[in-house]
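Asks: A single structure is presented below for examination.
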Amino acid sequence: MADERYNRKNPAVKRILQEVKEMQANPSDDFMSLPLEENIFEWQFAIRGPGDTEFEGGIYHGRIQLPADYPFKPPSFMLLTPNGRFETNTKICLSISNYHPEHWQPSWSVRTALVALIAFMPTSPNGALGSVDYPKDERRTLAIKSRETPPKYGSPERQKIIDEIHQYILSKATVVPKPLPLECSQAPSIVSEAHSQVEPQEAITVVEERSIATTDTIVDDQIIEETAEAVNTAASVVPAAAPLPAVEVVVKASVSGEQRMARRAAQKPVDDRLFTWAAVGLTIAIMVLLLKKFIKSNGYSTGFMDDQS
């Protein structure tokens, strides 16, 4: 790099050149970033997808634009590789980016920002600007594809840096991502099998409940009819190879009906019996009065008295 092009007394230039040397002296296996020769405020970078996520093994290229008063103001970031977490060719909104200068600290560097960017990859976007939220299987597909070729972007000089960075990260990203297992697509079939196995028993339960509910509202001669109907319903729902549940329905329905009616008889109010006895007594009294009136009207009482005298 031709350092003589820039004023080394400029705080921003001095800081950028210092970070370049530090980056070259202490390279990372997780990222690589280099400034352009013609503009040290413009950087190219690539990061590895974080491990144990759908991004693992992916290589994601992007660009960094440093402000003229760096490091007192934050840089802006843009992803060039489709990734399913951030939009491409769009400045992304992060707490370390120029969208939130209030969070930026001058002690942070390009290295700090790239480490933070890797950490942001598997987080929820929450509607932030420049963010997308692809399903995990699509993100894994993009991670696999990202290893094939680096993105084509900018001038030949920039493309040369992009290719160099890609080869470096590819040599470090030894874990080749594989498509995620199709757990979601297999789940419905598994659930369907389980559901088909449970359906007969569930149907029996429905028949039992309907039979019991019906016996609560009918008399003794109707219980037999409802029980027979329950048997027919169970026979149509339950496979022929499982006759026992249908028999069990009949027994349960009949026994339950008898038990419920017995409970009702036991719970009959005592007041009903008292009213019955009172009615009987009243009827007898009325009959006695009517008999006396009849005897009196026919003179039986007078003749009886004359005989005594």
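Sequential numbering from 1, following the chain as shown.
The backbone N, Cα and C atoms fix where each Cβ goes, and this holds for glycine too.
Below are the features listed in Swiss-Prot for this protein:
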- C93: active site, glycyl thioester intermediate (ACT_SITE)
- 11-166: domain 'UBC core' (DOMAIN)
- 275-295: transmembrane segment (TRANSMEM)
Asks: Using all protein chains in view, find how many other C-beta atoms are within 10 Å of the C-beta of the residue listed as 'active site, glycyl thioester intermediate'.
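Replies: Around the residue listed as 'active site, glycyl thioester intermediate', other Cβ atoms within 10 Å: 18.
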Asks: Pop the mean pLDDT for the domain 'UBC core' (11-166) in here, whole number is fine.
Replies: 96
Asks: Need the DSSP three-state call for C93 (active site, glycyl thioester intermediate) to compare against my parser.
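Replies: Once the DSSP labels are grouped into three classes, C93 (active site, glycyl thioester intermediate) ends up as coil.
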